[in-house]
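K.L.:
Sharing a structure here in structure tokens format.
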Amino acid sequence: MATKDLFAQPEPSRQPASPAERMAALRAELHAHAHRYYVLDEPTIPDSEYDRLFKELQDLEAAYPELLTPDSPTQRVGGKPLDQFASVRHKVPMLSIRTETDTEATGAQNFDTRVRKELGLTESNPPVEYVAELKFDGLAMSLRYEHGVLVQAATRGDGEVGEEVTQNIRTIRQIPLKLPSDAPPVLEVRGEVYMRRADFEALNDKQREKIAAGAKGEKTFVNPRNAAAGAVRQLDPAIAAQRPLSFFAYGVGEVVLEAEQANPKNPWVATHMELLQALKSWGFPVAAQTKIAHGASELIAFHQAMGQQRDSLPYDIDGVVYKVNSLALQKQMGFVSREPRWAVAHKYPAQEQLTTVLGIEVQVGRTGKLTPVAKLAPVFVGGVTVTNATLHNEDEARRKDVRVGDTVIVRRAGDVIPEVVSVLPDKRLPGAPMFTMPRQCPVCGSDAVREEGEADYRCTGGLFCGAQRKEAILHYAHRRAVEIEGLGDKLVEQLVDANVIRTLPDLYKLGLTALASLDRMAEKSANNLLKALEKSKQTTLPRFLFGLGIRHVGEATAKELARHFGNLDAIMDATQEQLLAVSDVGSIVAQSIRTFFDQPHNREVVEQLRACGVHWEEGEPAAVAPKPLSGKTFVITGTLPTLSRDEAKDKVEAAGGKVAGSVSKKTDYVVAGTEAGSKLVKAQELGIAVIDEAALMRLLASAEAE
């Protein structure tokens, strides 16, 4: 007889023919997800998706109670512990609290109404006093102290039995190892182990460094919660100690008092807030945001205030928790279905959700940057419906390996642009192709290039590309460029949006009728702009060059190019080597100039501008004096103390030297840093001069002095 692995990766849900089949499918899927979440610490869906499936099963069981089975996930808190850790049976079960699915203000109102009804209160009775707390997104923990000494730390597990992780928890410096003498002889403190956002980012930075260095088996963490859970359940405490964990206390489990303290008529604490204050006095961290709230109105105010602060907190929360403050009233209200009637978790809209990638579109920004964007099946996340999520750049898209048709986790926090967090590769369609960035701009067809050391591809058709049109016009009209007085942001927006201007030459084709038809453009203003356009036709070569918006060509470089070559045609036709002969022009700038003028679209726009009457006085090329390192060939190898290889290369080339990629008999100098390798060995074999960075700087300085 075939058996089904309940903990196998679940298949995508489908709608069965009957409630019994649907309930069986949901139980299997929830068991599998609970196993991956609680046991393996490898969740594949966001919490919100698990909650949705769980709620669907609860609703079906309420509608068909005869189909309820003892093995249903609704009849227990969580999953089983791993065999590698010793099992711990909780003296007082670590039960979960009810989640209020209504994320609006009415969620708090609903809870208060239930409490007042349970306590038999009417409108004439005063508001119920609550404690409002944060709901941390971490790992629940029970800390057992005997005679003031930490003797055991255990995870929640299934609520009845957890795992002992004492050695790992001892590494968290916020958790006291010994309590003051006034603490009870036996005290179980309940709280949350979590990781601060800054610590999480620092940890992932270290992971990325390890991966870049070739370390095997290393990976980055999806979120702080996963990182914290993985650290707590490390078998090696030394590894756990390297993970920056934190802790907040929010309650107690078993408490055994001294004989003189155990007075039913005069309890050691009468309220939940008194309990938290006692924990704080014994050295446990308690969240500063915890406060007393009277009635539904103050619960609503707390929920709204924390929602506004949520993204600025140094740690993740996914909601707030309300608890009846009086311990006597808590006892009176009791539990239902293993959940306390006197507490509720009031969540915020989920910041992560599952959805499907319908396509990947490459968008072009105002400055020519190409950004891959995932087009998504609409999903409600972070309080809004999301249909697009940035993939940032080619490296990031490939690292996450996002493909069309993939099921992905998308995240949106606050006003942050939605992004794809991770992919569920087991749900990938067969044959889905990998994403690759286009080598031509999707808007204008010009070459898209990625410069060395940069993450982004950029369109090289700056003068022609529709996506860059507004930015190109504004830059051209800048007072330090060609200068067109009166042509500002708002007017450019109007002209481009109305399709009056498509390229720069269209500026000089504007007439009074077209301008006067624009909103808030009086005839006088239109005439003034036309005069400014006519005036701008007479400019200088440096201003015109700067106005073209060539990447890396600022005002100073434009002046040097004009001085060196004397005329625009010579600059447009200059080779890489000829450009490198210009003062302060290195390989990156030279390549950028060459790439710009290699695009036929850009040359066409330049010729059209000249045909419209834009002109300047051209001169003779400057006499080219030999540079101090002309004729010298350098090879740079290893890591230099202060300069990157590109910086060292630029300095050598600016002084007239040539930088080669390999050592030969024609090499004059090898500039060697640490870990120089085979190039240094070959230089020594050939008897070529080997210098360090300091010697290179002295050589450059002496060459300049000559």
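Cβ atoms are placed via backbone N, Cα and C, with glycine included.
Checked Swiss-Prot, it gives:
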- Lys135: active site, N6-AMP-lysine intermediate (ACT_SITE)
- Asp47, Ser48, Glu49, Tyr50, Asp51, Ser96, Ile97, Glu133, Arg156, Glu192, Lys323, Lys347: NAD(+) binding site (BINDING)
- Cys441, Cys444, Cys459, Cys465: Zn(2+) binding site (BINDING)
- 624-706: domain 'BRCT' (DOMAIN)
K.L.:
How many Å lie between the Cα of Cys441 (Zn(2+) binding site) and the Cα of Glu49 (NAD(+) binding site)?
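P.N.:
Answer for this pair: 38 Å between alpha carbons.
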K.L.:
Using the residues the record lists for NAD(+) (Asp47, Ser48, Glu49, Tyr50, Asp51, Ser96, Ile97, Glu133, Arg156, Glu192, Lys323, Lys347), what whole-number Å value is the largest Cα to Cα distance?
P.N.:
26
K.L.:
Inside 8 A of the center formed by the CB atoms of Cys441, Cys444, Cys459, Cys465, which other residues of the chain have their CB, for the recorded Zn(2+) site?
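P.N.:
Here the non-site neighbours turn out to be Val364, Gly368, Pro442, Val443, Gly445, Ser446, Ala448, Thr460, Gly461, Gly462, Phe464, Gly466, Ala467, Gln468.
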K.L.:
Tell me, what is the mean pLDDT of the domain 'BRCT' (624-706)?
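P.N.:
Here the predicted model's pLDDT, averaged over the domain 'BRCT' (624-706), is 86.
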K.L.:
When the domain 'BRCT' (624-706) is classified with DSSP, how many of its residues are helical, how many are strand and how many are coil?
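P.N.:
Split into helix, strand and coil, the domain 'BRCT' (624-706) gives 32 helix, 17 strand, 34 coil.
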K.L.:
Of the recorded positions Lys135, Cys444, Cys459, Cys465, which one sits closest to Glu49 (NAD(+) binding site) when you measure Cα to Cα?
P.N.:
Lys135
K.L.:
Measure from the CA atom of Cys444 (Zn(2+) binding site) to the CA atom of Ile97 (NAD(+) binding site) and give the result in Å, rounded to a whole number.
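P.N.:
Answer for this pair: 57 Å between alpha carbons.
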K.L.:
Please report the distance from the Cα of Arg156 (NAD(+) binding site) to the Cα of Lys135 (active site, N6-AMP-lysine intermediate), rounded to the nearest angstrom.
P.N.:
16
K.L.:
For Asp47 (NAD(+) binding site), which DSSP three-state class applies?
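P.N.:
Helix, per DSSP.
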K.L.:
Cα-Cα, whole number of Å: Cys444 (Zn(2+) binding site) versus Asp47 (NAD(+) binding site)?
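P.N.:
The separation of the Cα atoms works out to 43 Å.
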K.L.:
If I restrict to non-local contacts, at least six residues apart, and a C-beta distance under 8 angstroms, what lies near Lys323 (NAD(+) binding site) in its own chain?
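P.N.:
Long-range Cβ contacts: Tyr130, Val131, Glu133, His272, Gln330, Trp342, Ala343.
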K.L.:
Can you tell me which of the recorded positions Asp47, Asp51, Lys135 is spatially closest to Cys465 (Zn(2+) binding site)? Compare CA atoms only.
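P.N.:
Of the recorded positions Asp47, Asp51, Lys135, Asp47 has its Cα closest to that of Cys465 (Zn(2+) binding site).
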K.L.:
Rounded to the nearest Å, what's the C-alpha distance separating Lys135 (active site, N6-AMP-lysine intermediate) and Asp47 (NAD(+) binding site)? Just drop the number here, would you?
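P.N.:
Just about 14 Å between their Cα atoms.
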K.L.:
Show which residues of the chain containing Cys459 (Zn(2+) binding site), separated from it by at least 6 in sequence, have their CB under 8 Å from its CB.
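P.N.:
Correct list: Val364, Gly368, Leu370, Cys441, Val443, Cys444, Ser446, Asp447, Ala448, Cys465, Ala467, Gln468.
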K.L.:
Would you mind ranking the recorded positions Lys135, Arg156 by how many other Cβ atoms sit within 10 Å of each Cβ and giving me the lowest?
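P.N.:
Selected from the recorded positions Lys135, Arg156 on minimum Cβ neighbours within 10 Å: Lys135.
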